[in-house]
Structures are given as C-alpha cells and as structure tokens.
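The block underneath contains the structure these notes are about, expressed in structure tokens.
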C-alpha cells in the first residue's frame, strides 16, 4: 500500500462491524448531507403548499429562477437571503398574532375565505402559524453548517475577488492610455459596483457561437474553442471599460439631479440580473445533459392528475365525474382549459428541445414560474371558492410541477444536448424497451404528432412523407433488432421440436383469448345481471281502469309501506304453489326473493267519478246492450329507483263481455293482470306463465254514492293475502340492472356488443394472421445492424448540418428497400 494508517483501518473495521440498522441510519444521514440543498428546497416548497400566501411565495420563485440556475451551486448571497427572509417572515407572523388587530376578532368567519387580505398575505391568526417556518429555518441553518464544514460557505466571495482582480488586470493591460480614467473611477468609490457587474453585449459573441455546424466541422474542436475563448475575453474587457465610463457618467449626473440617482439605483439592480441570465445563456463551459424524458414524464403525471381530478380546478364540481359529464355530451370548462394549457406547454417544451435554444427555454421558464404561481395561488382559489391549502388535488399537481421546474432549471444550467438521435426507448435492445416502444406506438395520434413536430422543428431537406418513411423504417428495424437479440440470448437448437411449455403457454393463452372474444357478449350479458346485477325495486305502482273510453272509473297508487317484499316463508309457499308447473318454475329461476314486490292497492278509488250526464247515459246504454262487446282498459305505471330514473309501462287492453249482474257488485272475469314483469327497459308486461290456465284474475266493481259524490270500489276475488276489506294485489317481478360502472357496455345489448366490439377486434386479429406472405422480405431479416446503422447515420448527419449527405443517405435507404437482392446482401450474417 502507498498509504497505511492503523487508526483508519481500525476505524473502518469498527464501522463495518456495526448493526445494519445503525449502518442504514449512517447512510441516510450521509445522503441527507450530500443533498442538503434539496432538503431545503423541499421544505420551502412544502411550507408554501401548506401556507399558500404571499409571504411564502417569494422563496419558491427565487429557487426556480435563481438558486437552481446558479452555476455550479447557489451562492452565499442566496442562502443568506433565504435565511434572513425566513427570520423576518417569522417575526411578521408573530407580530400579527395579537388580538387587537381588527381581522383577528372574527377568525372563524374569515379563515376559509380565499380572498380575505390577511389570508392572501399570510398574516392571519391561526394555530401553528410558525411551525413550518421554523422547520424551514432549521433546514437552512443545517445546510449552512454543511457548507461551512466543507469550506464552501466563503468560496464564492474568494472566487469573485480573484476573478475580478484578473479582469481588472486584463482591463488595464488592454486599455493602456486609459489608466487615469480607471484611477478616477476608484476615487469616486465606484470600483465595487463595477467589479460586481460584468456585462457582455452579445451581438458579436452570439454570431460567433451560433455558427452552423457544417462550417465548424471542418475545424478542430480545440482550435475553435480557444478562438472563441480569446474573442470572448477581448469583448469582455472592452465592455468592462465601456461600462466603467458609463457608470462614472451616471454617478456624476446623480450628484446633480434626483432623477439621475434613481436611474443609477435602478441600474445597480438591473445590471446584475441581466448579467446573471446572460452568463447562463452564454456559458464558458457547458456540461451538456438531456433530462427531457423526465420533464415529459412529469408533464404526463400532471396530465393524468388533471384528467382524474379535474373537479378540483372548477367551481361547484366537487362531486362531478368526468365519465358521466362526457356521457352527457358536456365538457366541463375547467377540464377543457387545464387540458389545453397542459398540452400546449408540452408542445412548446418539445419545440424548444428540438431547436436546442437555451434562451427560449429561459424565457419559457420565467413565464411558466410566474404564470403558474399567479394562477394557482391567486386565480384558482377564486374559481373554486376554497383555499389552495384545502385543495389536495391542486397541491399534488403543484408539487409535480415543481419537480418539472427543477428539471427545467437543471436543463438550462447544463445546456441542451448537441445531438438528438431517435427515441429514448430505442437505446437498448431488450424486452422492456421493445414492449414500451410498441406501447408508445399504440397510443392514438402520439406517434404521428411526434413525427410531425420533429419535422417542423428540425433542420432537414426531407419532405414530410420522406421523414415519416424514415421514422417508420427505423421503428420497424428496431423491433426486428430486439427480436434478433432475444433469439441470441435464448437460442433454439436445430431439429428440436418446440417445448410443451411454450406451445401450451403461448398457444393455450391465445386460444382462451380468442374464445373469450367470440363469446364475450353472451357471457357478459348473462353474468352482468346474475352475478353483478343490482336489484331495482319499484318506488311507485299505479293502476288506472277505464270503461269504454269514458272517464276513468278507478285510479290508485301504492307507495312505501304498501310495497312489500316477500319474507322467506311467503316466498317458499309461493314456489310450492307452482310445483309441477314447468313453465312457471322455469320463469321463477331467474328471480330471487328480493326481486319480487307485492303491491297492496286500496279498493276505493282515490279520485271521484266525475262524468257528464250525456256520457253517463251513453255508458249505461252500452252496458245494457248485452249482445255487444264493451272495452275495458287497464293501464299500469311502475316507477323504479335511481339507477333507471323512470320505467313507464305501456297500457294493455282487453275486450270483455259484460253479462247481466246477479248481485249488486258485478264481476269482471279474466281482466286483471295479477303478475307484472318489470324488465330493465321501459316496457312492463303481464306474466301469463304464473296464471292458472293462462287466465287473468276476476275482480268485482261497484259504484258508491254519498250525497252528490260518487266513486268506484274494486275488489280482487282470488287474492293470496286474504283481507276482509276491498283491495287489489299486484306482484311485480323486477329484473336486475347492471351496475353504473358497466352500464355503458350493457346498454348496447348482445347484438350491439357483437357489432361494436367483436367485429372490430376480429378485424385486427385477421390482419395479424393474414397477409404475412407479402411482408416476408421485410420481416425475415437475419441481421439488421447495417440498416439500423444507416438510419442512425441519417439522424447524425442531420444534427451536424450535413443536409446534402442526409439526402444521399436517404436515397441509399430507399434504394435498399427497392432492391431485394441488395437487401439480402446487406442483411446476411457476418
């Protein structure tokens, strides 16, 4: 060993011999120390999510527009600003907790008002008002202690002083005859202002750094980079001198006028900010990275949150359901606005990524940070009429968006990648990338939209159709490459039959899947009501009886207590009464005890019989004519539960022959439908299988007079429930209905499911099993490495600006697919 220390070795042995739990705690602490700045960011964002006030809004914005954009790390000035600001915020909140302030006298009334000024500012009186601020201050002090332990707390000041000294020396050496002017600047105590502000005017520098890659490719990278550095230093020194004279003039003018002093103070604030963003856009060194995939995933998660929690972004929509809203052809405004904004930001982000413009990304970052914070904490509470701290979905959406802001800041700080080659899912050739890539291509319109956007925002000489052709060939070759790699990893020996595990595993699964697809409608409609069906009992049963088209003689309704379910004994007796009746037992197999409801209808009509004298005489004449038929109409209406709002049943008519009455109450034979079936649709029908000899029941009718009032009284003769008073019984058999979650499928019916589901799936399955012979020359390629390399070369020369070479390589690719013999030579095994 080059270095050996007994104490260090013993310390290492002691550390290794500790319990695993203690080692885990050590590891977590070391992770916390290594990412202490991330802990501070998390605590600040969490504090703002819970407080949601103007006081806590400042630090998150500074994080995304200052701290995370600083190279290589946030400066001491930022951490001191955060610490001092947190301390001042704690003091302000404590001061406004006293009860003598007017808004603190009605806290219970104003605590949930989003636009109450103390709630917006963050000075309202509440329990635990300072807990998260103290945790935030503790995290900031912890990070400061970590920086001091590693000697990084004062590093920025030392680096600034040394760099300023070098810049001053270069400035004096270049300016020559202007040393007296520099001395005069120091005499007015302007050196600190000048040294802390380094301004670069980007006109010439931008032109130098943004040359086309075609001209740069002819020069060596080292020489071009050194020339850029020398030109940048010259421009930097010249601009320092110009800025020094400019500040001297402002300072001298400020002494004479108050307006000049204001202008000078404004420049002192504006110029460092301008210089910060200018150095960010034009860095001396750039650690190029690519986190677009992570930003896209964060945006996708936000998109999913909007879809499944859109009600949190609208007014009076806390109980809304996006499925029910879309089924009623209603698009909520909040859902539409949020989806369009989220989708628009994803498109703009893709455009900036393809154009590789850091300046555009910086502008987009600033707009998004200010816009989203203003909307989430000032506009959204007014729209939803509830505070942001009470909106869980909005808090989750904001937290994911903060992750996106952090990734965007990291992308800006490091710079965009020089070359964007292919899809990020095509970097490896394994089953995971294969299935993810195929799933990506199955999403409707996603592949097409990505191809068109790439063509619009990428410099190329290919037309849109040629571009799509290259993308399709590359996708197809990538899939073949994945399958060939899998064949190399799991080779199949020659002359051996396929294993039964493969045959019964894959083949059996496909057979079961095809059988399920073919018989899916029948199985679905059979099981949805018998297994997952919900009993839909009637809420109201009404009967109306009319004689000969005249005024109805009887109307009656049964509700609530008059609608009774059969108890187990009654249900068992009901089934025993049909023993030996095959048709009745077959019908009763589809119904359980809870599906049968007995309606007890009062025999006295609930409405008086009001008929005009001429109609009364005609009715009497018709009844006395015993040789003619007289029409009796019995109509029933059954209203059921909330699953199907109303089930209105059609009328049924019967032609009856009235015989001379032998008693005071004449009998109407075979007119009353004792059993009614209420299916899931809107048509209720009588059940003839349960009637004796398929004959309806008999009822008696009589007219009761009381002074000038008249009403009819009906009584059923063959009732199951024997009652002394006049009444009618009606048994309703209610079919089970599908649950609301499966109602959209059950509504199509068996034929609808076959037409809309089975035939469509069958078409795709048929395309997979037919037409294979036409694609053999493009599918059975033993080795696709050369074709894959050709596609990658097209992407590469496009990114480097060699557009003429891109056309040549594309022509070579097209010729390869037009020539089967050349394709065979290119795809042979090496």
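In case you wondered, yes, glycine gets a Cβ from its N, Cα and C as well.
Note: TrEMBL annotation is automatic and uncurated.
Only residues 6 or more beyond the boundaries of the transmembrane segment (14-32), in the same chain, are considered here, and those with a CB under 8 A from a CB of the stretch are 39. Taken from TrEMBL, the feature transmembrane segment covers 14-32 (among others).
Under the heading domain 'Piezo transmembrane helical unit', TrEMBL lists 34-154.
Marked as transmembrane segment by TrEMBL: 39-66 (among others).
If you look up TrEMBL, you'll see 78-96 (among others) marked as transmembrane segment. Below 8 angstroms of C-beta separation, residues 40, 44, 55-56, 58-59, 62, 66-67, 70, 104, 118, 122-125, 129-130, 133-134, 136-137, 140-141, 143-144, 147 of the same chain, each at least six residues beyond the ends of the transmembrane segment (78-96), sit close to that stretch.
What TrEMBL records for 155-180 is region 'Disordered'.
Confidence over the domain 'Piezo THU9 and anchor' (289-526), given as mean pLDDT on the 0 to 100 scale, stands at 86. Among the features that TrEMBL reports, domain 'Piezo THU9 and anchor' is placed at 289-526.
Sequence annotations record features per position, and here TrEMBL assigns transmembrane segment to 291-314 (among others).
A Cβ distance under 8 Å defines the sequence-distant neighbours of the transmembrane segment (334-353), meaning residues of its chain 6+ beyond its ends; these are 292, 295-296, 299, 302-303, 306-307, 310-311, 313-315, 317, 322, 325, 360-361, 364, 368, 383, 416, 420, 450, 453, 456-457. Residues annotated as transmembrane segment in TrEMBL: 334-353 (among others).
Here TrEMBL flags 362-384 (among others) as transmembrane segment.
Annotation source TrEMBL lists transmembrane segment at 396-416 (among others). Sequence-distant contacts of the transmembrane segment (396-416) (same chain, at least 6 residues past either end, Cβ-Cβ under 8 Å): 41, 45, 49, 60, 64, 68-71, 280, 283, 286-292, 294-295, 298-299, 301-302, 305-306, 309, 312, 353, 356-358, 361-362, 365, 368-369, 372, 376, 388.
TrEMBL lists 428-444 (among others) with the feature transmembrane segment.
Annotated transmembrane segment per TrEMBL: 464-483 (among others), in sequence order.
Residues annotated as transmembrane segment in TrEMBL: 504-528 (among others).
Annotated domain 'Piezo non-specific cation channel cap' per TrEMBL: 564-829, in sequence order.
According to TrEMBL, the transmembrane segment annotation covers 742-765 (among others).
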> In terms of Cβ proximity under 8 Å, which residues at least six beyond the ends of the transmembrane segment (39-66) contact it?
Replying inline: 32, 74, 78, 81-82, 85-86, 89, 92-93, 119-123, 132-133, 135-136, 139-140, 142-143, 276, 365-366, 369-370, 373, 377, 381, 387-389, 395, 398-399, 402, 405-406, 409
> Is the transmembrane segment (291-314) packed against any residues at least 6 beyond its ends, judged by a Cβ distance under 8 Å, and which are they?
Replying inline: 320, 322, 332-335, 337-339, 342-343, 345-346, 349, 353, 380, 383-384, 391-394, 396-397, 400-401, 403-404, 407-408, 410-411, 424
